[in-house]
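Engineer: Sharing a structure below in structure tokens format, with a few things to ask.
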């Protein structure tokens, strides 16, 4: 198999492995075909008003400031006099779309929604809005349309401002909330003169939804504890009071309106959300009005946290809920069926109604969830062979019938408390049954993926041994009969697997996961000769040294795996790496370079110990990073003028790039100064930023292809973009990484010299554009395993050095303010991802350089890297299987996804690094460009 074919096959295999984790663990939980469940009793409210303060944390609403002042006095008075309150516990990802889906539809969104920026429905679902007679919504164009689109009929009316108004650089983001309040007041005022609208508004089962985005926008721009956010909270509180007064006056204080005030997610102190920090998952819930329990005084109550004392609410009964429980609560208050896909449990403590109403509502809730269980079971039964189907025995059909009869009997006998307890038990059992059928194929698919993974890794190892190691080659003549028989066996296996999946009506993705191991293992067994050759060569191999390398690499991989959970492990790894020249005796022949290596590792080791980026913006550190880059570049150009004289055009290019670094540092400071003064994003800064981003891909191609000159140009181009995307100490990371990479290139040459390689090249004379002399390409040695491990270690350090990118809240929107301030998840996400990949590219180009300077084919080292990264991914895949809690599973899945993404990026960026280092654009007099 040639390199191009191997690259394509490897890329496809890893993309399949990458996608598999979503099919196994993140398939949509939604099913269709259930029957809506009605409560046969009149509801307490005719209408419901839902206020959602986007991004509002529980403590931001409940906790008094140092002077004892409350930021939301009206809502506080509601809690003390006529409402119920508590903390709503959200789930990861703490983003706006999943939060609103949980609130209004009653289920937790699957990860497939991220592909649409959390803006659209990947799968159609039912909601409180859909079940209502009419719903009027005001707010963000990112949230409201998804509920109107998912509704059956035309009874959900949305009123949104333009997307351009969601500007993090806006003078006052609270204007978004003011817009909502003004529109609602104008709506009720106009309804008095519109008979049709007036009649609809006085009907039953109506919902009014006010989405308030100002707090979230101000939180991102100024941080949640800022004056702007506190003032915005006060504005929301005053707006809620005014809207309640308008609505009550409109309906003549008829006492048939229920109000719910909550939030979709919280926010960290550094202005981000998406992960599972308590500041992101704890949101406020306050309900009052028709059918809601009034404030209850208590003498004592017990919770695991100390919030009651911090919030001065020890004497007010606190009722916590899961976020999905709010949907059944709203449905019960206005008498509409609970959304069909809801997994929420009705929080009875919020209801002020008869015991009969509570029992009937809980019964409807339990039947609604049981209906989902029945549909899920039927679907799985239809797609599984009868003799292989294993039902959920704890909820067999007979037990379901017994429950329905017993629950109805208890309600008819007036034993409402017993009926409620029975329904609650049934809900818990049905939820476990839903989880059982939702994960029914997980072990089967996981086993198929692991089988393919192990096969692929085995094949790559065999390819390394066969084509790149100094072993005797396997016999040229194979037994053709054995080869044909082997092919027929695996063909039969493939046919059997296909037939098995076909009769079970399995999804098309199952065919990929289950059939992939067949050709992979066929390729492994075809290389039997290589295995036999390895066994026969074993006596001549340095087995003790090989075993020692194996143990060290396994321990190194374990250290990398642990570093995904604890960033400080990277510091430990860098400290260990720093003593490599001493252990290997390199310091005796290269004292200066060894000292540079030790200092570079120790300086870089400080970064994983620092807080995650974005928590404490510091533009002075970014300026220092720019100055350090200019100083190091100038020193390098001055020192290299004797070894490799620069052409004037190359000198002009480097000087212009250095000026560009200074310009970007100025642009960053001026942009953040302008935003701080609320003067908006300067057009000049935006033009410079986008021009810098685009030119960073082209400018290095204009430079000389001599090794260090090309690497300098690449570093300057990447650092300029990184500066524009920085907010603090992380701007120092690329210059420090470049220094260490420069030392690594030099010290690897000393390592080659220590090994007695006679064809060692002089680094300053290496030209990337020159054709490689195939006769000088050497075979792999054990030391190349060390080089490959160093590369993987530096790649992981590049990913996690300034923050854990497995956590969404590591990303600070302020990083992209030089480019845009209007909310756009795809562009912002792409810019942040490029920021993460810039250190990645620096390491990739360094590794490309080391492959050239150590006279090794690019395929050789790359295959070892592939094995190391695949072993890490396989480790995380097994961790996912072992963990019990969803939080631990989610963490391991995110790490698996990162390793697989890293491997895929390695394969793609290897091409990019090759182009960046070896290609050059010449600009002639006619301005024609061509590649050499």
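Heads up, the Cβ atoms here are built off N, Cα and C, so glycines get one too.
Where the annotation comes from TrEMBL, it is an automatic prediction and has not been curated.
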Engineer: Pick from 405-423, 424-442, 595-613, 652-670: which range has transmembrane segment per TrEMBL?
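Structural biologist: TrEMBL lists transmembrane segment for residues 595-613.
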Engineer: Taking a Cβ cut-off under 8 Å, which residues six or more beyond the ends of the transmembrane segment (680-702) line up next to it in the same chain?
Structural biologist: 167, 169-171, 653, 657, 660, 663-664, 667, 670-671, 674, 710, 713-714, 717-718, 720-721, 724, 817-821, 831, 834, 915-916, 919-921, 923
Engineer: Would you say the transmembrane segment (619-639) and the transmembrane segment (508-525) are in contact under the rule of three or more C-beta pairs closer than 8 Å, pairs 6 or more apart in sequence?
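Structural biologist: Between the transmembrane segment (508-525) and the transmembrane segment (619-639), contact is absent.
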Engineer: Which listed stretch (7-26, 486-502, 546-566, 731-747, 861-881) has the most C-beta pairs under 8 A with the transmembrane segment (619-639)?
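Structural biologist: Between the candidates 7-26, 486-502, 546-566, 731-747, 861-881, the best contact partner of the transmembrane segment (619-639) is 731-747.
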Engineer: Please work out which recorded stretch in 546-566, 731-747, 861-881 has the most C-beta pairs separated by under 8 angstroms from the transmembrane segment (7-26)?
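Structural biologist: Between the candidates 546-566, 731-747, 861-881, the best contact partner of the transmembrane segment (7-26) is 861-881.
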Engineer: State the non-local partners of the transmembrane segment (546-566) in its own chain: residues 6+ outside its ends, Cβ under 8 Å from one of its Cβ atoms.
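Structural biologist: Those are 572-573, 608, 782, 785-786, 789, 792-793, 796, 800, 806, 868, 871-872, 875-876, 891, 895, 898, in sequence order.
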